């Protein structure tokens, strides 16, 4: 996802030895390369949802390594933009699969107390990938970045092979003993030690299996409330402008005219993003989802307003800009830090919590696909808006969306901290969620 930031410079460099392509790509081709990942990511959730239901959460995640490796191979052997477009689409398929199955897997293996933290780690480890490519990309060759990407995928495939399946998946397939073994591995307890939790999970699964969910069920009652909250949070996540900022971060620094080397500035932002992302998992189950989303939407709005103001002054030729070279860095740090506290990780964590078990596989793919449709619109048209109207316009639009996110969270989003999946359904107004009394 962060590959474009250092690679764009190599592809557009006048030194042709840095690029494997037969021509220097135009700005339009670079914009398409940044955005076509989203085409694959729109399809990927449906593949991921099918895989999670048929071969399991673990093997669904493992199967994502196939399009990942195909993408890296296409990037490594590329001689023209068609190879890169195809590679980005394959990466998008994998990203869509991972963003669908990973929150599902995390929610199903977590305890109630750790569910928010574990769900938040999705965003945290994405920032590890960003920092890796930001840090290595400017200092190794184009092909070196591709080989590094392949190595990471192989490392994941080998290490995750030894991870357990989700106990919930085994219970859905009526394999109670397999579910018990998985739970014993995850919890590090004896069969007796997990007996009570296994019984609760089995009761939840049996109840869910009585209600065969289809896509139509997603748009009914409390399921629809969970769906529109999830989609709204994803909308605000994307229209905070995060992908525009990350995909074109180096270009933003170049446009700002700051004296700081754009590659070094990008590494600094990546490091800040990494540190900020690892704060959320340790506080989300103490402070709750809503307070972090409120802090996040407020902070990102301020950071984007500062960026918009800087580029507006630069657009009108204000002499004050000469003394404000460090402002884009400060504004981006504020934006990235507060994004990583809430708008980044929590929509995925909340999505994994809001849907009942029987609806997750049907609801997650369209919600995730919606995310990547929005991401495509932003990454494709942000450069066009920036070039034709001014970069400040894009930042002010994103700022307004963050303000809207604050009020949506304040009035609509329920707090799921410390609540069981059954209690969350009651919060959403679901009927018949009370357990039967003897």
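From the backbone N, Cα and C atoms, a Cβ is placed for every residue, glycine too.
Record features (TrEMBL):
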DOMAIN    1-417  domain 'Major facilitator superfamily (MFS) profile'
TRANSMEM  30-52  transmembrane segment
TRANSMEM  59-83  transmembrane segment
TRANSMEM  89-106  transmembrane segment
TRANSMEM  118-136  transmembrane segment
TRANSMEM  142-163  transmembrane segment
TRANSMEM  226-249  transmembrane segment
TRANSMEM  264-284  transmembrane segment
TRANSMEM  291-313  transmembrane segment
TRANSMEM  325-350  transmembrane segment
TRANSMEM  362-383  transmembrane segment
TRANSMEM  389-413  transmembrane segment
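Listed stretches 30-52, 142-163, 291-313, 362-383 were compared with the transmembrane segment (226-249); the greatest number of C-beta pairs under 8 angstroms is found for 362-383. Proximity of the transmembrane segment (325-350) to the transmembrane segment (89-106) is established through 3 or more Cβ-Cβ distances under 8 Å for residue pairs spaced 6 or more apart. For the transmembrane segment (89-106), the residues of the chain that approach it from at least six positions outside its boundaries are 1, 3, 36-49, 51-52, 57-58, 60-61, 63-68, 70-71, 74, 115, 118-119, 121-122, 166, 348-349, 351-352, 360-361, 364-365, 368-369, 371-372, judged by C-beta separation under 8 angstroms. If one looks beyond the transmembrane segment (59-83) by at least 6 residues along the same chain, the residues whose Cβ comes under 8 Å of a Cβ in the stretch are 3, 20-23, 25, 29, 32-33, 40, 44, 48, 51-52, 89-91, 93-94, 97-98, 101-102, 105, 143, 145-147, 149-150, 153-154, 156-157, 160-161, 165. Just going by CB pairs under 8 A, the stretch in 30-52, 142-163, 264-284, 291-313, 389-413 that sits most against the transmembrane segment (362-383) is 30-52.
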